[in-house]
Amino acid sequence: MDFLRDVLQEYGVRFEESQIEKTFRYLNELLNSPHNLTALRSLDSAVHKNVAEILIPLKHENLRGSLLDVGSGNGVPGLILAIFFPELKVTLLDSKEKAVQFLEHVVRKLNLENAAVVKERAENFSREHREEYDYATARAVARLNTLVEICAPAVRIGGKLLFYKGPSFEEELKEARKALDELKVELEEVRRYTLKTGEQRCLLVLRKTDRSPEKYPRRVGIPFKRPLL
């Protein structure tokens with residue numbers, strides 16, 4: 001736990017000791033899980049890529065309200081945000097059974113009362129829960145145009161979409177112009193940062209400006225197979 005504590009202090013991330021303990025337990029569960037939900041094999045790399053990478057661009061925020069983590073998979077970023085922002089109600093959404101089993105196990109083990117796990121496709125969930133969330137987030141799920149279509153309908157007007165991307169996001173942003181216009185979303189800010197490992201990252205902060213048309217998201221699979229261009 002000392003390494004986790006030291007790394008977050010070095011990045012300037014504020015925390016309570018209980019959050020360090022829960023995060024350490026989560027990382028151990030992930031690295032030892034039989035479900036093979038991560039390519040990371042060491043605690044060091046997991047601390048940087050699954051914890052610090054998520055918290056650095058939000059270290060001056062006090063997120064509260066409701067957040068939808070689309071394609072939560074191994075719990076990044078949703079579980080980390082649930083641990084470090086206790087006033088945030090987080091929905092961990094994934095359609096894969098092994099991911100859902102792992103997430104439910106960790107939520108129970110850590111007694112995370114502000115996190116809930118849902119097994120469903122994002123296209124269906126966003127259609128059924130229109131404008132219910134203050135935030136939606138995702139990492140390593142899809143390109144930006146697809147993310148906007150499957151996430152924006154679930155976010156209230158004035159709410160934010162927080163997408164974690166690598167440094168070469170400009171091409172995705174150009175591709176996503178139609179999706180942004182159609183779904184009534186605009187880019188508000190790009191937060192660039194560099195991990196101590198030397199890897200460059202960015203958080204795209206987008207804002208929903210108006211109600212997304214009822215025809216979005218399209219039926220399951222279409223936003224991935226035929227993204228808005």
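Cβ coordinates come from backbone N, Cα and C, glycine included.
Since we're looking at a predicted model, the values are computed, not measured.
The S-adenosyl-L-methionine binding site annotation in Swiss-Prot covers GLY71, ALA122, GLU123, ARG139 and is backed by sequence analysis. A coil conformation is recorded for GLY71 (S-adenosyl-L-methionine binding site) in the three-state DSSP classification, outside any helix or strand. GLY71 (S-adenosyl-L-methionine binding site) has a Cβ environment of 22 other Cβ atoms inside 10 Å.
Cβ environment of GLU123 (S-adenosyl-L-methionine binding site): ILE150, PRO217, ARG218, ARG219, VAL220, GLY221, ILE222, PRO223 lie under 8 Å away, each six or more residues apart in the same chain.
Within its own chain, ARG139 (S-adenosyl-L-methionine binding site) has ILE54, VAL76, PRO77, PHE163, TYR164 as residues 6 or more apart in sequence whose C-beta sits under 8 angstroms from its own.
DSSP assigns ARG139 (S-adenosyl-L-methionine binding site) to a strand in the three-state reduction.
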